[in-house]
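Undergrad: I'd like to ask you about the structure that follows.
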Amino acid sequence: MSRIVKKGIVKIDQEQDEETFRENLAVQRNASAFFEKYDRTEVQELLTTTLVSWLAAKDDARSQLETPCGLMSQMNNAGFSTAILLTPVDPTALLDYREVHQILRELAIGIYCLNQIPSISLEANFDQSSSCQLPPAYYDTRVGQILIQIDYMLKALWHGIYMPKEKRARFSELWRTIMDIDLDGKPQTTKNVFSEFSSAGLVDITNDPDFNGIYDEDMNEDPTYEPNSPEEKAVFMKYAESIMMKLTFSTVQIQQHENIFIFETAYWLSNAIKYNQDYLDICTYQRLQKRLYLQKKVIQKHFEKKKEIRRGMGYLKLICFLIPFLLSLKRKMKVPYLNSLLPPFSDDKVKTERELPPFIYGRDFKCQNFDYKQHQYFHVHGGIEFDISTHPVESALDEFKKNVEKIWECASSASAEDAGYKEVYPIPVMELNGKSYYVIHFELEIFYQQLYKTQWWVAINETVNNLKVKRLPLTEDQLHEQFKKKFGLKKAMKCKSIPFGVKSAVERGLSAVFYTFSRKTSSSTINVSDEAGYAIFHHAALHNRVSVICQLWSANFNVNQRRFIMFSQADSSKVDMKKERNGPTPLHLAAQACSLEATICLLCFKADYTLTEKRGWMPIHFAAFYDNICILIALCRKDPSLLEAEATAENQCTPLLLAATSGALDTIQYLFSLGANWRKTDTKGNNIIHLSVLAFHTEVLKYIIELNIPELPVWETLVEMLQCESSKRRMMAVMSLEVICLANDRYWQCILDAGTIPALVNLLKSPQIKLQYKTVGLLSNISTHVSIVHAIVEAGGIPAVINLLTSDEPELHSRCAIILYDVAKCENKDVIAKYSGIPALINLLSLNKESVLVNVMNCIRVLCMGNESNQQSMKDNNGIQYLIQFLSSDSDVLKALSSATIAEVARDNKEVQDAIAKEGAIPPLVTLFKGKQLSVQVKGAMAVESLANCNPLIQKEFLERELTKDLLKLLQAFQIDVKEQGAIALWALAGQTLKQQKYMAEQIGYNLIISMLLSPSAKMQYVGGEAVIALSKDSRMHQNQICEGKGIAPLVRLLRINKIPEGTLLSVIRAVGSICIGVAHTSNPMSQQFVVEENALPVLIQLLRNHPSINIRVEVAFSLACIVLGNNSLKKELQNDEGFEYSDVLYLLHSKDKEVCLKAGYALTLFAFNDRFQQHLILETGLITVSIFEPFLQSSVETERAMAAFQIIILAKAIIDVEHVTLYGRGIQILADSLNSVHAPTIALTGNIIASLAHSRAGIPEAFVSLGTVQRLCYHLYARSEEVRTACSCALGYLTYNAHAFRLLLTECRNKPNQFLRITNNISKDAKINPAFLKEFQLQQRMGLPSLSLERNGGPPVIPVFKKGKEHRQKTRPKIQPRDSLTLLPPVTNVKELFRTTHKANISHNTFSFPSGVSSDIINVSRPRIAFLNKLGKDEQKANPDPPAFLNKLGKDEQNANPDPAESQ
């Protein structure tokens, strides 16, 4: 560098022109003006920093300094006059050339003249404002503005608070006045503090659209850790004042070819805690680090969302390279030629803020990182630093070398274009090597003084020398003023004590103050240690005070100074001061506190980076453990061998092993990228996996898993730890697995493949309750997978889990119940029952802990699904009474869950149904529907459905309690699942008789029925179809009303839906047919026409021919027969227009399914009923032989024989191998014999068939009469079954059109007058009876009946009648009495179900079973993700002899407290 001129402007001789003189004068004036922007204190700081900087050009110093690694020590030939820089482009935030030139100009002045590199540190003032502590050379510069802008946004995201620049600049001037701050920094105002800040422009940062909702996302992947728990917040706030969040930039790649430099930079977000180990132990540090890591993740994810921030980061990356580049040029005696740069910004455009106003939280602010009191404002702290060491310089790639000329052309073209003023000065961009690069160039000049000319750096240096004499050192008043401004009056007074003042100045970074103290005080006084043994050098390194370090080094202080401590002698009253031989050096503390500038400075001062402290740690071990990547980079660049340096004491860990121990994930990733040896282990054989597990750093484990290195088998290592003898290693392995399995949906498979399950099952047999608890917690998290369940069963896990149910820990019971729940869902119900699982679970129902009861009942519910033996076990072991008692609990969850459990215990098991009803379940179930919780009512409806299914007595009891009204309310709910359950429960109460079903359908009403048909729910559609069948069966009035109410269209619409469940489709098809057919196989032309007009025939024909289900096809055939029954025009339309042929049905007669075959015959029977032409068509289409019907005619099932007899009578002329007369006789004889049956369904069916045949063909009624049918029918009028009485009355009604039957029945009624009443009371409204018969009987009645004359004369009645007492009379009339009561077939069953047996009258009305599983709702299993150990032993165990006594407390006292993560570990 040029020798500084000592005095004034160089005198010019006569040959020097006047212009040179003016230029020199202007340079001198500009140099003086440069310092005018500083006040006195700032000038003093500027001068001190400039004079003491290790970057100062001192010949005696340079020989003793080591040059930072990379560019500064490796730059090749610098004989070029123009530098060209290439750096990658961010197309979303383009840089501006004028800004770049402004930055270059400011850096040149700061580095070449003032020996300062840019950085920023926000420091706390005593009044809670924050000082923007820039190197004084960068006050009022564009560099300073960018640093403040980026750092402020970093702190804004960290705290969730923001104030725009213009508003905060104004508020900085006024806030002290508004708050009425006193000399101690305390506010004296009575105003609302937050309101004042808010009105000044302070807002929640989430109000910005770019940052909306950023704190709502949960970054925490460890369920064991609750960062916002009161305990975690309290610990964090204890150290919050000393926690920093800072950005560090480093150049990670440099290539050079001649004067072209290609570089890339990166940045890291780091946190540092400015405490040494005496005040912050390692455990607390890791606790703080865990919370800080989550905060960093949020900032890293959202920091660059705004374009201005991305642009600012682009400038900082450029600055990161320019600093070592300019330092290198300075060493090569080259300096940027500032006159060639674009015009600088005016001074008013580069003003920097000297301080920032405090932050304060509003009540509704989203960020919860800090926990300050309401109306408490606070300062912010952190910074930005640049690593001046760089990656080694490499030769440029061939791609760049080949395009040198193009690069030059691009750079020179930009120079020509930059002339003149522009709003934007774009930087030229080139595409090279597949990437876009900025092409930045600037000219250089020689860094020497020229004769007769004063360069700008010479003028500035001369001004500095002149000011030094005037401004340094500080006076006593100036010292006090500085302390008072930074610390307040009280602490300023304390600072008059030199040791205290020196330490305070070092911690706060007051360079001029320390400079003054060092001039006034001896070295021994300056270097005094504090009570903890730390000297000023240690504090300077800890707080990153480079200027102080430089002054200490200049004063020949030991750069490797160890910590001093006081030892007290046991046998002496003296206290000796002894040097701690293995205490930390300043470099250790700088590495711990992420003091990057201090670290590089100390390395340049030749600090020994191989020294170890008492644990054997070198500085690189500190950097690795405390996750300070930037320090690690600087040290590894200094000496690459440090990458594998082992600690000399304790476990001899490498940096990678220490990083794994502390969970420093960023450092681990960087060390892997450098190729660190991950095979190394400590002295105990622990590798990074073991150490991560033992320290419970699951994030590190997940990273290693994703690396997928075969030699680092995480899963196998965990299994090995599960099987070792150390209880701690087993526990930590289980805890790690518990967290990891929740991190990724596919990890359960890895756990399974590694053979973990047998090892876990073995741990269940351990005597350690905590280990058992953690193990079942892990298993309950992965047992949702079928493969895991199979592995648990194969490893003998079921008896081990059931044995744990006898322990005294409710939390253990809860987790075991979850596992058994999952096991039971995978078809292992009988295995659980085999090991007495159900009695053990029933015993747990006496506990008073809701979370346990929820899981136990869920387990019981699943065990009883479709398992009759388990249902019976619940009854035999007195489990039902607990379930019933829970129905009266105050907990809605228990009410709902007990209802759902009762539903599964009772499903399809009449014995258990009766037992539940006997225990008194019905009253509390009905009471559930009086509450307001819809979810509880839904589960109650589920229980009602299960109990009432095929159980007339329970149905009657529910109906008598008017439950129908409550269930109908569920149909009006908005949620589809609520409607579904309500509909299914209602239809379960409809029972199996037509009368009851018709009553229920009438209660539902036409509107709701049609609404169900229009619903997207298959269950609703099914119930709607069944309701239509019930209403329309044998009731022309209802059929017509459905047609008029537009009920046909929804049915036909459902027929057109492709993806509809088969059971629903069957119901809809039957409903369409049922609407068209009446009593005794009469037709309804009106409804038939409505169906045809809705274009149902083409849809049905398509289903008949194309549907894959044969059950659907045969049902369609039957419905088609109903639609065209007795309607010749529709038959012609069906056959001519729709192409229907009997071959579409005839082949079904040969089906292997007997029910299909019988139903197909029934369909053909309806087509041929009273239609000889159709019988002829059937005969021509296919050959029907009696052998088809023979299996049914000889069947042991009476209803099958009766139906087959009906078919052969109607189809007699279409059967080719037997005379039709023979078939008539055989069929009639079978039907006549069927009337002798003792089974009501057989008699009812036979009566309806006789009614149909009575108006079918001449001669058939006479044949029935000759066989004594009239007498048998009259006998059955006394039957208890209403269906039998109705069917027989209809048959007698139609037989009255036969003269012989007319006379027989008239005689019967004359002799038994009540017989006539029985016929007329029971006959269906749509059935026919001969008017002549009615008229004749009335005539006979008026004339006097023989039986009545006997009674009138005192004789006994012909038929004895038992008269009940008054108390019984009200029960003689059924409560449910709809207008129509005739039945042919139970309409909610298909024919095959009716004909299956004569021994079971109660046939399930469901044509298919709906899933009985429960959707995700209130009764879900309580499956906590993590088993917290602090919950063990907290619940008092006691049996509950009287369950209702404690049920009132459940639901009120159960709170899932968030445990302390430390305790859980």
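Each Cβ is built from the backbone N, Cα and C atoms, and glycine gets one as well.
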Undergrad: Looking at the candidate ranges 313-329, 789-805, report the one that Swiss-Prot labels transmembrane segment.
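TA: Spelled out, Swiss-Prot records transmembrane segment over residues 313-329, not the other listed ranges.
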Undergrad: What parts of the chain pack near the repeat 'ANK 5' (684-714), using Cβ distances under 8 Å and only residues at least 6 beyond its ends?
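TA: For the repeat 'ANK 5' (684-714), the far contacts come to 221-222, 286, 293, 651, 656-657, 660-663, 665, 668-669, 672, 678, 721, 728-729, 732-733, 735-736, 739-740, 743-744, 747, 750, 754, 1465.
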Undergrad: From the DSSP assignment alone, can you count helix, strand and coil residues within the repeat 'ARM 4' (868-907)?
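TA: Grouping H, G, I as helix and E, B as strand yields 31 helix, 0 strand, 9 coil.
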Undergrad: Which bits of the chain, at least 6 residues beyond where the repeat 'ARM 2' (786-825) starts or stops, bring a Cβ under 8 A of a Cβ in it?
TA: 748-749, 751-752, 757-758, 761, 764-765, 769, 772-773, 776-777, 779-780, 831-832, 835-837, 840-841, 843-844, 847, 849, 851-852, 854-856, 858-859, 862-863, 1421-1423, 1427, 1431-1433, 1435, 1437
Undergrad: Could you pull out which residues elsewhere in the chain have a CB under 8 Å from any CB of the repeat 'ARM 1' (745-784), counting only those six or more residues past its ends?
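TA: That would be 705, 713, 715-716, 718-719, 722-723, 727, 730-731, 734-735, 737-738, 791-792, 795-797, 800-801, 804, 807, 809, 811-812, 815-816, 818-819, 822-823, 1423-1427, 1429, 1432.
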Undergrad: Report the mean pLDDT of the predicted model across the repeat 'ANK 2' (582-611), rounded to a whole number.
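TA: For the repeat 'ANK 2' (582-611), the model's average pLDDT rounds to 91.
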